[in-house]
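Here TrEMBL flags 20-31 as compositional bias 'Basic and acidic residues'. According to TrEMBL, the feature region 'Disordered' maps to 1-63. According to TrEMBL, the transmembrane segment annotation covers 80-112, 133-152, 179-197, 204-226, 232-258, 270-293, 348-368.
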Amino acid sequence: MTELRKRGGGGDTDLVSETISDKETDVEDRLGLPGEPGVEADGDSESKADTPEVPPSTADNTPQFLNKAVEGLNPRWKNWWIRGVLSLAMISGFFMMIYLGPVMLILVVMSIQIKCFQEIIDIGYRVYHSYELPWFRTLSWYFLICVNYFFYGETLAEYFGALVQREEPLQFLVRYHRFISFALYLAGFCMFVLSLVKKHYRLQFYMFAWTHVTLLIVVTQSHLVIQNLFEGMIWFLVPVSIVICNDIMAYLFGFFFGRTPLIKLSPKKTWEGFIGGFFGTLVFGFILAYLLAQFQYFVCPVEYNSETNRFTAECEPSDIFVMHEYTLPFAVQNIIQWKTVNLYPYQIHSVALSTFGSLIGPFGGFFASGFKRAFKIKDFADTIPGHGGIMDRFDCQYLMATFTHVYIASFIRGPNPSKVLQQLLVLQPEQQLSIFNTLRERLRDRGMLPPAATEAI
């Protein structure tokens, strides 16, 4: 900015005044952006002018019966009971969604994604609405639709090959899916450029970045949640349950035993809660993995059956869901007097998931706490009494979903015959025949195809 002012002599003065307006300078001051040289920013003490504030919500949406039941209690215990009752209600609803099957879980994930996106975008809108930026919310929701179209189109092509083969309009959409997605995004990009207003350029680019970072955090990672679900419901349920358990255990240990602050970003978090949550989550994840690994419904990949037009989870369980006998280390044998133990290999994987969920997962919550402190708000919204907004409850889930997806791709996933077959069905008949002939030759060369069968083919 200083350089522009120094250069701004004669005919350049008008250009400088257009580029750096009083309004934009005010925005810089409110956002805490670098100003003139020689002015030091205090990183520890934030003044109210550094950061735009979101108007606080004063509405109490706690159900009336709960308020009556806990009246008379001190605020600490009142909040404890409200959080506890509503946590049980949410967990009960989660069990109901599991019972209703994969389709309902996918719809729930999509609904949560949309609500989380809305909560974050609304913060930006409430902060900057006084500048009357054109098309901010309209373009934000348009980009949400574009990104969802791209991701769910990819899912349709990958998991619904038989349905795509049967429906000609879907074949066209799948064939040109990425081009259509790019064209849709390009239209939004052009609309944003056309919406730029003099004196607000920098602020509008801030909000453009705000929208795209929100899409990255919310939409991309919710897509990974659905990808995990298709690998088998156990890969969805165990990670989600681990985060829920860690949240509850850390809260309980912190509530009753917490004395030592853990991190400045979240003053109520304590070392006692963090450590107690870690060990409690390890035990919970190990037991839950044992219980779910016994059922085909949970361990089999979720696939679309074109004959029944329904999702199914039927398969021969893979090796990680078959009981194995393990020999214990000699030191452990001396302690517990057991030489061997029977476990599902998935239980060992659950230890890795639980460790991440309890040690690294909370950093998703710390990140969200830092975000909220930056804008001087307590919660993303007041959707759930005692808990805040939906994003307040799912800040750790998105980080956990990404880790689970990476973990499956790195250590679990192998070739999937069903997916290969679905991709083959989408090919042209000539391409299918060519692949068939190549496969027949390979099998014959390896002696896996009997001569009689070769002659018949």
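Glycine is treated like the rest: Cβ placed from N, Cα and C.
With a cut-off of 8 Å on Cβ pairs spaced 6 or more residues apart, the transmembrane segment (204-226) and the transmembrane segment (348-368) reach fewer than 3 such pairs and are scored as not touching. With respect to Cβ pairs under 8 Å, the transmembrane segment (179-197) is most closely packed against 133-152, considering the stretches 80-112, 133-152, 232-258, 270-293, 348-368. For the transmembrane segment (270-293), the list of distant contacts is 234, 237-238, 241-242, 245-247, 249-255, 257-262, 299, 321, 343-344, 346-347, 349-351, 353-355, 357-359, 362: same-chain residues at least six beyond its ends, Cβ to Cβ under 8 Å.
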